[in-house]
Amino acid sequence: MMKIKIIFSYDGSAFLGSATQPHKKGVQDALSGALSHLGIFSPLLMASRTDKGVHASYAVASVECGDYFTNLEYLQKQLNKFSHPFIHIKKIEKVKDDFEVRFDVKSREYRYIFSHASYSPFMASYVHFYPKFDLGKANELLGFFVGKKDLKFFCKSGGDNKTTLREIFIARAYAYKDFSIFHFKANGFLRGQIRLSVASVLKVLEGKMSEKELKEQIEAKKQYNHFLAPPNGLYLSRICY
């Protein structure tokens, strides 16, 4: 037996979340099903979990398989036959037996995409349509998140985290064509953290919440915003080991 690392992307609008679901509608279920067509039945482990409607341009999973799979490019090609159209295998690598796909992660990155173009039902599942805003001000507000923080007021209930302390390496905004993008990089994220963060920044930009209140929520003093930004604009974009 050997252990392989699978790097892949997926369309979150086709699933009820990345983790296995009771009705087999999770990304994990679909990828496990594709592997089973190739005779790989070992448990599939995922590096990150995403909610219903959240996408990934770069996700990672690991699984044990027979060491007779010597041609990993061929395995990738065959696996894509059973994974398309909503999952795409980008690369398969052999890893050491002690590789821990979730706990060996050094950092994760997410991007939240806003479209300022005219509404399109064909794009509605993949961006958050929103009026243009002050990108410089958004960058200033996002900067409040950078550093080691207790983000207990930026997480949904139901997570399995032992602590709400996280270190945010990057929180910034930038423009690309008709899009504005929020980029987050951290040593880990709490359940719903980014969507709560995005919604809180938008509330300040809309004048519905003050900078002082945002800072107090980040400093774990008081929660002013309980609402989450829609999931469709969020993408898991990088996992580093």
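Using N, Cα and C of the backbone, Cβ positions are placed for all residues, glycine too.
Feature list (source: Swiss-Prot):
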ACT_SITE  Asp51  active site, nucleophile
BINDING   Tyr110  substrate binding site
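The Cβ neighbour count for Asp51 (active site, nucleophile), using a 10 Å radius over every protein chain in view, is 18. Within 10 Å of the C-beta atom of Tyr110 (substrate binding site) sit 24 other C-beta atoms, taking all shown protein chains into account. Across the structure, Asp51 (active site, nucleophile) and Tyr110 (substrate binding site) place their CA atoms 13 angstrom apart. DSSP assigns Asp51 (active site, nucleophile) to coil, not to a helix or a strand.
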